[in-house]
Amino acid sequence: MRVLHLDLDAFFASVEQRDKPSLRGRPVIVGGIGPRGVVSTASYEARTFGVRSAMSMSEARARCPHAAYLAGRFAVYREVSEFVMDQLRAISPLLEPLSLDEAFVDLGGSDLPDLSPGPVRKLADDLRATIRARTGVTASVGVASSKLMAKIASEQAKPDGMVVIEPGAELDVLHPLSVRALPGVGPATAARLARLGVKTVGDLARITEPDLVDLVGAAHGGMLHRLARARDERAVSTERESKSISVEDTFDRDVTDPTLLAALVTRLAEKLAERMNASGHSGRTITLKTRLHDFTTLSRSATLPAPTDDPRTVSRVASRLLSEIDVTGGVRLLGVGVSGLSDWVQDDLFGTEPEAAEDPGERSAGGFVGVRTDGASGEDAPADAVPSDGDRAGDVRVGELLHETQAWVPGMDVVHDEHGPGWVWGSGLGRVTVRFETAGTPPGPVRTFAADDPALSPARPHPQALSE
Ligand SMILES: [Mg+2]
């Protein structure tokens, strides 16, 4: 019972409900608000209407038209996430974050005198209570003998619960589950298995390893064969040892043509995504490396809120990073890399294309791409390494890099000279509607202004909730 998995419940939506009292108990959907946006997080109220992560926003709107649709506030999510990760790190330095709201902890690195159910339950209870009291959001926790089982346990604990799977009970829990419970089994693999009558993990455990390898390939087949027997030796890999994959290309001559450079970055990103797919990895931090005509090597990286292996997302982020570097003198070498790797293949929640909204008075918040870039301009990063503590440096919202907009995006924090702090409820046709409330107030009134009202400005979130 060495591995603890923590997952915040409906994280982004919970933070929004915390800070927007009028939305508590109501369906809230956070995601890309452009025409091709996808749902990032749906509150539990929205889930009862069948809205799910990674669903297109248009389908979500059809299922749940009365929900609040918000673009998301990553600075706030990151603040809560950092608090939670600090709590976990205090339990054990052997911490593997998977995304802003999810992490594995190896309790072998903790002070617990023994890892028996009693002390482990007490530790998990205290952890959940602290997170709830200090952040206003709830966490679910699973504890088990492996990463696979700990993650399944926290899934079963949701929402706001804890499940401990004691040694020996693994197969009883695992075998009735759908094959989709195993990492790396997406809809395509599940469909292929279903054609053979394999629906549950127990069904899968009856297939021989050679048959599985035939079906899904060598690497994947071997892994599935072990996981179906709850054999999971994967270690919790800490931030410092996080692996990376990169691809690069050196050119015979300096490349100066921007169109060609853009095409080369896209090709490298696709190659990188192919490798990630082949090895069953997804990653959070994308790095672009350039060697200029004078052999200066520059790297820029950006970290997404959740891991991706989507070639379009990798390519879009890499292209934006290229646009931050002065390449007018020519480029000798280009590389694209990814780190913060996770062997849990996740749906890509952030892969929407940025687009202008139809309404000329409203500009798209676009791809709902997080978040930060590191490396000040002119600074040199080691050629192949991606800075492992890059998450701390120079936060810039990629959304801003992508669009350079200062639009009134639904959900964003604003302040009005006369009415005080509030959030954007909606905008369009040259108007913006604001609800004046914060985490510490009752549900507040709604008022509409001209979009260029000088009394209204974007605001840092109203300070609250990280203490209660
Ligand atoms: Mg979560």
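Even glycines carry a Cβ here, placed using N, Cα and C.
A TrEMBL annotation is a machine prediction, not a hand-curated record.
It should be emphasised that the depicted structure is a prediction, and the values quoted were computed from it without experimental measurement.
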Next on the checklist: According to TrEMBL, region 'Disordered' applies to one of these ranges: 275-313, 353-391. Which one is it?
Outcome noted: 353-391
Checklist entry - Other than its own, how many Cβ atoms are within 10 Å of the Cβ belonging to Glu102 (active site)? => result 23
Checklist entry - For Phe12 (site 'Substrate discrimination'), what residues in its own chain, 6 or more apart in sequence, show a Cβ-Cβ distance under 8 Å? => result Val30, Ser40, Thr41, Gly72, Tyr77
Checklist entry - Of all the binding-site residues given, Asp7, Asp101, which residue's CB has the most CB neighbours within 10 A? => result Asp101
Checklist entry - Roughly how many angstrom lie between the C-alpha atoms of Glu102 (active site) and Asp7 (Mg(2+) binding site)? => result 4
